[in-house]
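As annotated by TrEMBL, ATP binding site applies to G11, A12, G13, K14, G15, T16, R128, A179. The AMP binding site annotation in TrEMBL covers T32, R37, T58, L59, V60, G86, F87, P88, R89, Q93, R140, R151. According to TrEMBL, the region 'NMP' annotation covers 31-60.
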Amino acid sequence: MVNLVLIGPPGAGKGTQAERLVRDYGLLHISTGDLLREAIRAETSLGLAAKAAVDSGTLVPDEVVVDLVEQRLSDRKPEQGFILDGFPRTVAQAEALERLLYSLNRPLDHVVIFDIAIDLLEARIAKRAEQSRAVGAQTRSDDNAEVLKKRVEEFARATAALSPFYEHRRLLRRVDAAAGIDNVAAQIGALLER
């Protein structure tokens with residue numbers, strides 16, 4: 001069993017790598033973005049609280065995200081490792097996660113930060129939106145250049161303190177997210193084999 005956190009800006013490839021980790025290691029994938037979109041679509045109280053923040057490109061309030069993650073983790077078997085994708089984004093969230101995982105006896109093994117330049121993110125997001133339109137799927141409300149720029153700036157501001165937080169706990173690992181899907185997967189695989 002391995003418990004991971006994947007941290008990176010929108011479009012860095014966290015979801016793609018999480019899918020591979022689920023396939024290769026049988027981990028439970030918990031994407032806070034997916035949890036939020038599900039809650040918004042279902043118009044739950046947590047979803048309604050999140051909708052305005054997501055649409056404007058700001059971070060969703062900590063208590064909303066923590067509650068969603070707690071709901072998902074609490075009803076799963078502890079033997080199955082997990083991947084948290086997009087959470088935590090702030091030190092307050094990291095501290096809340098630490099308390100939650102302690103109460104569930106499910107410690108973190110690695111926190112993987114996806115390093116990538118913003119111009120590559122813009123190209124990836126544009127491609128993702130184009131692919132969604134090509135198959136007739138609805139594009140994500142956050143898949144546009146203006147919202148992306150705001151989200152990346154907000155991500156950088158909010159997560160700046162996470163690196164030292166997790167370095168201090170000897171959990172921080174970095175991957176070059178610009179290296180391509182297979183290369184990034186190999187980097188993460190090497191971390192897990194340590």
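Numbers run from 1 along the shown chain.
Cβ from N, Cα, C; glycine included.
What TrEMBL says about a protein is an automatic prediction, not a curated fact.
Sequence features, as recorded in TrEMBL, placed on the structure.
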residue	record	Cβ within 10 Å
G11	ATP binding site	25
A12	ATP binding site	25
G13	ATP binding site	23
G15	ATP binding site	19
T16	ATP binding site	14
T32	AMP binding site	22
T58	AMP binding site	14
V60	AMP binding site	23
R89	AMP binding site	19
A179	ATP binding site	15
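In this structure the alpha carbons, written CA, of G11 (ATP binding site) and T32 (AMP binding site) are 14 Å apart. Between G15 (ATP binding site) and F87 (AMP binding site), the C-alpha separation comes to 12 Å. Here T32 (AMP binding site) is positioned 15 angstrom away from A12 (ATP binding site), judged by their C-alpha atoms. For the region 'NMP' (31-60), the mean pLDDT of the prediction comes to 87.
Non-local neighbourhood of F87 (AMP binding site): V5, I30, T32, V65, V69, Q93, L97, each in the same chain, at least six residues away, with C-beta under 8 Å from its C-beta. Checked against K14 (ATP binding site) by C-alpha proximity, the binding-site residues T58, V60, R89 yield R89 as the nearest. Candidate binding-site residues: G13, T16, A179. Nearest to R89 (AMP binding site) by Cα distance: G13.
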